[in-house]
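Enquirer: What TrEMBL lists as NAD(+) binding site is Gly8, Ala9, Gly10, Val11, Met12, Gly13, Asp31, Glu89, Lys94, Ser116, Asn140, Lys271. What TrEMBL lists as domain '3-hydroxyacyl-CoA dehydrogenase NAD binding' is 4-180. Look at TrEMBL and you will find 183-279 tagged as domain '3-hydroxyacyl-CoA dehydrogenase C-terminal'. What TrEMBL records for His137 is site 'Important for catalytic activity'.
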Amino acid sequence: MTVIGVVGAGVMGVGVAQNLAQTGHDVVLVDKDEEILAAARATIWRNARMSRLMGGPALDPDDVLSRITTAVGAEAVAKADVVIENVTENWDVKRSVYETMDAVCGPDTIFVVNTSAIPITKVAAVTGRPDKVVGVHFMNPVPAKPACELIPGFHTTAETVERVRDLLSAMGKKAIDVKDACGFVSNRVLMLTVNEAAFLVHEGVATAESVDEVFRSCFGHPMGPLETADLIGVDTILYSVEVLYEHYADSKYRPCPLLKQMTDAGLHGRKSGRGFYTYDAN
Ligand SMILES: NC(=O)c1ccc[n+]([C@@H]2O[C@H](COP(=O)([O-])OP(=O)(O)OC[C@H]3O[C@@H](n4cnc5c(N)ncnc54)[C@H](O)[C@@H]3O)[C@@H](O)[C@H]2O)c1
């Protein structure tokens, strides 16, 4: 039986773990402390219970949770065959997690990097197994999204790519092949849009509601860029724009000061209850 490690139990880790469990995989879900893991279990149970209402399959939440073991610290994925990493979009945090995983996991364990923008080759270089490191940019909410970007690093072998493509297929995901460039396809475009939308609010050109309404009512988008920012996490948007800015050294990625202020103030979007909009605790 294949065991999948999922490191990071935030917005993405919770979705990845649920998606794996509901498609019959055994999961070890890891984060920094027990409080975060307790919240993650509660979120997975609630989301599984609501699955049918949200357009997904009917799920037994207890059955989904029974396939997920939780543990503190990245060392807990030592026995996993594949690890999907979803920790904070911050280079120092990611690097230290990969150093730990590389030391404790067997030499055949595949590392899947879930990142908004960080190049896969850069992550792979921290490990002694760059041939077994591959990027998957999952979309949020993970169980509801039918596709993701699949990104080999410079040294990733075709065998690694195909094993992960098979795993994604078993999770119900179509993999779209993309080359390893900071931000890949999706976030080279999306992060610029969200950042510029934040500038419009920052400069007083329009309210968040008006910005989003232009995208919904005029362009027919299901969500505006600032609703999307709240769904992704305002902090994660800021970190991703910072990664793009540093990598390309191009001023078009300069982060909007409003994103910095909101991140400092704890206005992280849906996950904190307040971002560009305010949300009920659920
Ligand atoms: N939010 C999105 O819509 C989205 C979409 C695609 C990809 N991503 C990427 O996925 C990754 C995770 O994003 P997220 O939105 O889930 O972030 P998040 O802030 O919601 O969660 C990150 C989690 O990582 C945990 N963490 C930090 N250091 C850790 C460590 N040393 N060991 C174990 N856990 C640790 C944190 O406690 C937190 O629970 C990021 O790289 C992000 O860019 C996010």
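Cβ atoms here come from the backbone N, Cα and C positions, even for glycine.
Bear in mind that TrEMBL entries carry predicted annotations, made automatically and left uncurated.
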Enquirer: Filter the candidate list Gly8, Met12, Lys94, Asn140 of binding-site residues, keeping only entries whose CB is under 6 Å from an atom of ligand 1.
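Expert: The binding-site residues passing the 6 Å Cβ test are Gly8, Met12, Asn140.
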Enquirer: Pop the Cα-Cα gap between His137 (site 'Important for catalytic activity') and Asp31 (NAD(+) binding site) into the table, whole Å please.
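Expert: The separation of the Cα atoms works out to 19 Å.
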Enquirer: Validating a neighbour-count step here. Other CB atoms within 10 A of the CB of Gly10 (NAD(+) binding site): how many?
Expert: 18
Enquirer: Over the domain '3-hydroxyacyl-CoA dehydrogenase C-terminal' (183-279), what is the model's average pLDDT?
Expert: 98
Enquirer: If you draw a 10 Å sphere around the Cβ of Asn140 (NAD(+) binding site), how many other Cβ atoms fall inside it, taking every protein chain shown into account?
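Expert: Result for Asn140 (NAD(+) binding site): 15 neighbouring Cβ atoms inside 10 Å.
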